[in-house]
Amino acid sequence: MYQFSGKLKMLAIVLMAVGLLGTGYSFFSAPKTLEEAKEILAKQDAHHGGHEAKADHADVEHKEEAKVENHQEDSTTEEHVADSTATHTEEVAHNVEQDHSEEATENTQAQDSSAVHVAEDTTTDEAHETTTEAHAEVAAHGEDHGEAHAEHALHQMQNRPWSALYVALLFSLGITLLVLAFYGSQIVAQAGWSVVLHRVMEAISSNLHYVSLAMLVFLILTAMHMNHLFTWMGEGVTDPTSPNYDAIVDGKKWWLNTPGWLIRSIIYLTGWNVYRFLIRKWSLAQDNGDLKQHKKNYNATVIFLVFFMLTESMASWDWIMAIDPHWFSTLFGWYVLATFLVSALTVIAMVTIYLRSKGVLPLVNDSHIHDLAKFMFGFSVFWTYLWFAQFMLIWYADMPEETTYFLLRFNEYKVPFLAMVGMNFIFPVLLLINSDFKSMPWFVILGGVVILAGHYIDLFVMVMPGTVGGQWGFGIGEISGLLFFTGLFIFATFSAFAKANPVPKGNPYLHESETYHYYNIEHRGEDSNHH
Amino acid sequence: MSTNKVIHALYNDDDILMDAVKKVKAENHHIEEVFCPFPVHGLDKAMGLAPTRLAITAFLYGITGLSVAVWLTWYTMIADWPQDIGGKPNFSWAANMPAFVPILFELTVFFAAHLMVITFYMRSKIWPFKEAENPDPRTTDDHFLMEIPVEGSEEELVSLLETTGAVEINVVETH
């Protein structure tokens, strides 16, 4: 039996306490009035200095479709530089709030800021000057424009502590849920190798109760308009007489309405938790070796997996895709699934390596670690495949109503957006391709840390642009959210692991798992003749 | 002067063969070759064969394929004739990179797979019309054959092999 050490418990409690304090601070320090928001904006302007400050107000839209042929005809001196082609355009459009921007987008491709239309053909160097002129025009448009901008920024700043908490919460919930789903897949596939890991996966999935509760509270607060994460919940959005009326959202209100959204969310959370409760209870009951119990677990898991695949997809629409209600993508559910699945496998591997180093998993050998690392590798590639399939199809067709999603991410979140591809694809592929490396615990931990960080960033880039837009950062709020849910995870996992026998001794595949060996790797400290 | 004799010990079970290989290795005899009708797990480890480096060559071939694909797309689409095709950016390779990824991927896999297979053929010396090197046709059906060159006492070796459960032991003159 495993003993949840006092030290680790203390660490978990400290993490949760620090996380709570930090989260409280980030809520407290968010601006409450328009004046405070303006003050912060003024500070940002001062920080950024001349040109960028202007760019804040009037992001230059570098239109890629600038006609090259025309340029070559009527300009002999101009040089075209790769990503910043000359901007052609005519007049200054007004600043559009993102909530309303989509209609405008169809014409101007404006995204969350004003689009600048410039009269003459310009080279890249000239574009700066033109921007300045355009900015002057923006200013001349009057006070109401600046007012609207400040109000927009205020909403984003007020959203930031909520979003910071939400990303960490979703990350924790998603990982825990996918550990449970992976566990289910092992039961249904009658996988022989992973039986010695069953109790580890069960222990991790006990975190589901806690994060589901946190999620439920969060969803109810959101439905009570405590935050503005979901613009389609806003006042008057579906009312044609309101200035906030949004025809696109109105067309989607049969799905995107607050009561339906809340009821669906409760159904998902309840379904997952009921399965987790039953399978844990029945798995412990199976320790007597009853094969009838084994079949019952199998049947329940088949039903759960069908339910899971449906609800996971819908939950990713409701909880993540609905943040950008004008945008949709058909493979979004699988993409979210892949993000959480690879993170879940990484977490299983890390917890297993930790527990094995404490000597409480005597049956786990290097081959089990190797298999987990293979899954981490394989699903990292799978994630990349889905990420790229989504990105490339949208980039290739370049339809304005879809492209804005990536335009915003590429313009405002360039570093995390690109870093994530390196962390989630190039790094694991190069690190975990070697068979020997996959069985080395410290290597798997190293790869795992980068993969987890990469997928946190992935979720960050999914949620943040739609809620805080340009006002994003990685500060106390974001770190505190992560700390709190990490502490909760440690507490839930290890206290659950201490409550049961680490070996599911009634499982008919236990012996197969115990003697599982992958021949191609070196087993350190183990008898190589053991087979 | 080494002798020109080899001993062929035949077995009809892979478990017995594995034990025999371990026993012969323990007695410090060199095993020239083992012929099996199917792959026997762990035989290479028991014989002490060095691990294959085929996977490493495949990785290098994959990098080669990737480089070829990068060069091909860059030269044809960007350097040689940068035509505006449906508004796709062709100012630099990076600007149009997503459109090239399917080619990059496929050529990487193509090079890695085919060159690795050809490497395998060459290293294991198999090709069409190659003369089979089977010492006994039963090894392709249901018998396992261990070939040991005779160095030193022939009788000693034969008596050792007899204790390993061999169903047949032949001393063969090689030429």
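Note: Cβ is positioned from N, Cα and C throughout, glycine not excepted.
Noted in TrEMBL for the protein shown:
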type	residues	note
REGION	A:44-147	region 'Disordered'
COMPBIAS	A:44-103	compositional bias 'Basic and acidic residues'
COMPBIAS	A:125-147	compositional bias 'Basic and acidic residues'
TRANSMEM	A:164-189	transmembrane segment
TRANSMEM	A:210-230	transmembrane segment
TRANSMEM	A:300-320	transmembrane segment
TRANSMEM	A:332-355	transmembrane segment
TRANSMEM	A:375-397	transmembrane segment
TRANSMEM	A:417-435	transmembrane segment
TRANSMEM	A:442-464	transmembrane segment
TRANSMEM	A:476-498	transmembrane segment
When counting Cβ pairs under 8 Å to the transmembrane segment (A:476-498), the leader among A:164-189, A:300-320, A:332-355, A:417-435, A:442-464: A:164-189
For the transmembrane segment (A:210-230), sequence-distant contacts whose Cβ falls under 8 Å of one of its Cβ atoms, 6 or more beyond its ends: 155, 158-159, 162-163, 165-166, 169-170, 172-173, 176, 258, 261-262, 265-266, 269, 272-273, 322-323, 325, 467, 485, 488, 492
Among the ranges A:164-189, A:300-320, A:442-464, the one whose Cβ pairs under 8 Å to the transmembrane segment (A:417-435) are most numerous: A:442-464
